[in-house]
Amino acid sequence: MARLSAFNFKAWIDEHRHLLKPPVGNKMVYEDADLMVTVVGGPNKRTDYHDDPVEEFFYQLEGDMVLKLYDGEEFYDVPIREGEIFLLPPHMRHSPQRPQEGSVGLVIEAKRPEGAADAIEWYCFNCGNLVHRAELMLTSIVDDLPPVYQAFYASEEARTCGSCGEVHPGKEPPEGWVTL
């Protein structure tokens, strides 16, 4: 067994900073660990909410972000400023928004228990009802998520609210949806 050692995390971030912006936006720190330790960069904007079966730990290293939450009754924002941390409970619908260029955050979550599904949900910007939910067995953020998003964006039927008939905009949120 190889000897274990620490490394300079700030230097690691600087070395991988080119990946922390669109279109990639994130980089796993450890590939073969029981924790998914991910560094995420801004800017990003998204319109989906994630239903994660495990807790997520957020530590905002550089710049600020907003975590949009839906608790089943109310939509609300939790700003996470540079230097702040936040622990998200399992199954709390959340939409991480990092509007600041060059912002960097650390997200830590456990690998999924056997058989535990993640879900991506989109809600109507007009009436707030669920428009579409896609469940998946998440093993790789990079490989597993893009097909889910592409399928939703490509289907007007999937993007049409069953309650009010409004068509979800897909990838682009309405102007002013994210404020710090």
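From the backbone N, Cα and C atoms, a Cβ is placed for every residue, glycine too.
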Residue from E56, E62, E156, E157 that Swiss-Prot also lists as binding substrate with R98, E109: E56
Rounded Cα separation (Å) that holds between C161 (Fe cation 2 binding site) and R98 (substrate binding site): 26
Shell of the Fe cation 1 site beyond H50, E56, H94, same chain only (C-beta within 8 angstroms of their C-beta centre): Y49, D51, D52, L67, L88, M92, R93, S95, P96
Greatest C-beta neighbour count within 10 angstroms, which of the binding-site residues R46, R98: R98
Inter-residue Cα distance where the pair is E56 (Fe cation 1 binding site) and E109 (substrate binding site), in Å: 5
Spatial separation of R46 (O2 binding site) from C124 (Fe cation 2 binding site) - C-alpha basis, Å: 14
Cβ-Cβ neighbours of C164 (Fe cation 2 binding site) (radius 10 Å): 12
